[in-house]
Ligand SMILES: CC(=O)[C@@H](O)[C@H](O)COP(=O)(O)O
């Protein structure tokens with residue numbers, strides 16, 4: 001049973017779900033809506049430069065299927081390659097969403113890897129925090145950059161598990177662990193989750209949440225995968241809170257007592 005008091009707290013607001021989902025790559029808005037519903041996600045991220053949330057008044061609007069009264073929208077800067085592009089994109093989002101300030105910043109370094117440009121990310125984060133945005137920030141799994149982003153005032157740090165859309169899972173759990181241990185704001189894995197066990201591992205490591213898009217949207221059955229991801233995040237969180245059995249050295253330990261066992265037959269040594 002889920003502990004209803006175990007809440008994810010971001011920028012002063014609390015959420016029961018620790019799974020955050022993207023809204024891209026689905027066949028249509030109906031499929032997006034179905035997957036988001038089943039995932040149980042309360043925070044959904046929207047690529048402002050790709051998705052219509054009012055920029056094009058005569059086209060289908062994502063907000064009609066994911067109303068802001070029901071979901072916390074997280075406008076993101078997917079497709080931005082400079083700090084200023086990202087800042088301008090989020091200013092537009094704030095206008096379209098009546099002053100909404102919780103955003104996800106990502107500034108990409110190149111079109112091939114979609115790795116974050118951490119220098120530009122730091123620059124954009126500084127500008128956005130100054131403009132009173134509450135910035136959740138996509139970054140590399142570098143603990144030093146994570147600390148610098150937190151020092152700037154970002155409200156959540158979102159290191160990648162692996163390349164966006166790759167589905168390769170968590171490549172560097174050790175770095176993630178350092179980031180988690182040192183952070184004073186929520187840490188959420190973002191990008192690269194491929195299947196349910198990846199999400200569980202992230203949560204077992206102590207992540208506060210997981211953000212994903214491709215693993216659900218790209219599954220053969222997106223709504224079924226959305227359900228699996230919801231359970232995976234919950235299971236990982238529970239395992240983390242329960243605390244795993246000690247794992248000090250790789251050494252066997254008999255499951256039944258060894259005292260009082262019958263003597264074995266003496267085996268002659270063959271020369
Ligand atoms: C960084 C970013 O924009 C993420 O929201 C990304 O879209 C999710 O990555 P996956 O598609 O790999 O889950």
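Glycine is treated like the rest: Cβ placed from N, Cα and C.
Where the annotation comes from TrEMBL, it is an automatic prediction and has not been curated.
Take the 1-deoxy-D-xylulose 5-phosphate site that TrEMBL assigns to 191, 192, 213, 214: the candidate from 165, 206, 236 listed for it is 165. When the Cα atoms are compared, residue 192 (1-deoxy-D-xylulose 5-phosphate binding site) and residue 104 (active site, schiff-base intermediate with DXP) turn out to be 16 Å apart. Largest CA to CA distance in the 1-deoxy-D-xylulose 5-phosphate binding set (165, 191, 192, 213, 214): 9 Å, whole number.
The Cβ of residue 192 (1-deoxy-D-xylulose 5-phosphate binding site) has 24 other Cβ atoms within 10 Å, all protein chains considered. Taking CA atoms as the reference points, residue 214 (1-deoxy-D-xylulose 5-phosphate binding site) and residue 104 (active site, schiff-base intermediate with DXP) are 17 Å apart. In this structure, residue 213 (1-deoxy-D-xylulose 5-phosphate binding site) belongs to neither helix nor strand by DSSP; it is coil. Between the binding-site residues 213, 214, 213 has the most other Cβ atoms inside 10 Å of its own Cβ, all protein chains included.
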